[in-house]
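Worksheet: the structure to be examined is printed underneath.
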C-alpha cells in the first residue's frame, strides 16, 4: 500500500505517511501528513 504524500489526508491512517512525514491535526481542519518538525 502506498504511503501518504505531504499535505494529503491521513485520518485513520496515522502510520501511513511517507518517510519524513507525520500525521498532524490542523486547527479546524482534518489530519494531514506534514514534514516532521525537529524536536528542539
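The backbone N, Cα and C atoms fix where each Cβ goes, glycine too.
For 3-18, 10-23, 17-33, the entry in Swiss-Prot reads disulfide bond. Swiss-Prot lists 7, 24, 26, 27, 28, 30 with the feature site 'Key residue for interaction with ASIC1a'.
Shown here: features listed in Swiss-Prot, placed on the structure.
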residue: 3; record: disulfide bond; Cβ neighbours (10 Å): 14
residue: 7; record: site 'Key residue for interaction with ASIC1a'; Cβ neighbours (10 Å): 11
residue: 10; record: disulfide bond; Cβ neighbours (10 Å): 21
residue: 17; record: disulfide bond; Cβ neighbours (10 Å): 23
residue: 18; record: disulfide bond; Cβ neighbours (10 Å): 13
residue: 23; record: disulfide bond; Cβ neighbours (10 Å): 18
residue: 24; record: site 'Key residue for interaction with ASIC1a'; Cβ neighbours (10 Å): 16
residue: 26; record: site 'Key residue for interaction with ASIC1a'; Cβ neighbours (10 Å): 10
residue: 27; record: site 'Key residue for interaction with ASIC1a'; Cβ neighbours (10 Å): 4
residue: 30; record: site 'Key residue for interaction with ASIC1a'; Cβ neighbours (10 Å): 9
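Taking the C-alpha positions, the distance from residue 33 (disulfide bond) to residue 23 (disulfide bond) comes to 4 Å. In this structure, the C-alpha atom of residue 23 (disulfide bond) lies 12 angstrom from that of residue 3 (disulfide bond).
Residue 18 (disulfide bond) falls outside any helix or strand according to DSSP and counts as coil. Counting every protein chain shown, 23 other Cβ atoms lie within 10 Å of the Cβ of residue 33 (disulfide bond).
Closest in space to residue 17 (disulfide bond), of the recorded positions given as 3, 24, 27, is 3, taking the CA atom of each residue. Residue 27 (site 'Key residue for interaction with ASIC1a') is 22 Å away from residue 18 (disulfide bond) when you measure Cα to Cα. Distance noted between the C-alpha atoms of residue 3 (disulfide bond) and residue 30 (site 'Key residue for interaction with ASIC1a') is 18 Å. Annotation: no recorded sites among 26, 27, 28 have CA atoms within 10 angstroms of the CA of residue 10 (disulfide bond).
All chains included, 5 other C-beta atoms sit within 10 angstroms of the C-beta of residue 28 (site 'Key residue for interaction with ASIC1a'). Cα-Cα distance from residue 27 (site 'Key residue for interaction with ASIC1a') to residue 7 (site 'Key residue for interaction with ASIC1a'): 14 Å (rounded to the nearest whole number).
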